[in-house]
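J.: The N-acetylalanine feature in Swiss-Prot is assigned to Ala2; the stated evidence is a large-scale study or a structure entry. What Swiss-Prot records for 11-73 is domain 'GST C-terminal'. Feature annotation from Swiss-Prot assigns region 'Disordered' to 82-136. The compositional bias 'Acidic residues' annotation in Swiss-Prot covers 102-118. What Swiss-Prot lists as compositional bias 'Basic and acidic residues' is 119-129.
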Amino acid sequence: MAAFPNLNSGSGLKKLDEHLLTRSYITGYQASKDDITVFTALSKPPTSEFVNVSRWFNHIDALLRISGVSAEGSGVIVEGSSPITEEAVATPPAADSKDTAAEEEDDDDVDLFGEETEEEKKAAEERAASVKASTKKKESGKSSVLMDIKPWDDETDMKKLEEAVRSIQMEGLFWGASKLVPVGYGIKKLHIMCTIVDDLVSIDTMIEEQLTVEPINEYVQSCDIVAFNKI
């Protein structure tokens, strides 16, 4: 069971950021109620200072907007926060009685058996297509990738190298944590993590067509995949 201090403090966010350095979710290998517990404990979106928390927060926010989260999880404790219960997830807030009464009055004026207009048919088709697309996206697998990126020499500006790497943006690609690793003779290489949607991003293609060609190859000599794990 994971445990965190107050997540609205710098120390709490730092611990959560370290926890998510090598994880996509709070516990397990899919989004669960543990993620919702931590998500709701945050009073506001994390700043970009906490790279891993920001990546996780945006991912969970997107999941909640699209399809929700149903996995049970293995348990998490957040200081000052209560665990998410079945009732909290399943029970919507009660509607205002006045609003409900007004809606019921409005319903009396609606012709429930009128013919469907062309606009209504088109809207229904668009909704069906949207549901189908979101279902397909939900089923698509994801992978966590650790890449090893080497500069040309010790004079290469590693800050600009990382900026050039992160400038690659595409649907299904999410950059994560990074660090500089000494190689020798004053040279350092970049280790950087990313999460990809398998159906949308090919790491091999990205390396061949973007990371090792102009203008990024001004800084990058070579790029290798150190670890590739299905999520």
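These residue numbers are counts, starting from 1, taken along the chain as shown.
Placed from the backbone N, Cα and C atoms, the Cβ positions cover glycine too.
Structural setting of the listed features?
T.: A simple way to gauge crowding: the CB of Ala2 (N-acetylalanine) has 18 other CB atoms within 10 angstroms, across all the protein chains here.
Restricting the average to the domain 'GST C-terminal' (11-73) gives a pLDDT of 84.
Sorting the compositional bias 'Basic and acidic residues' (119-129) by DSSP state (H, G, I as helix; E, B as strand; all else coil) yields 11 helix, 0 strand, 0 coil.
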J.: For a three-state summary based on DSSP, what are the helix, strand and coil counts in the domain 'GST C-terminal' (11-73)?
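T.: Here the numbers are 37 helix, 2 strand, 24 coil.
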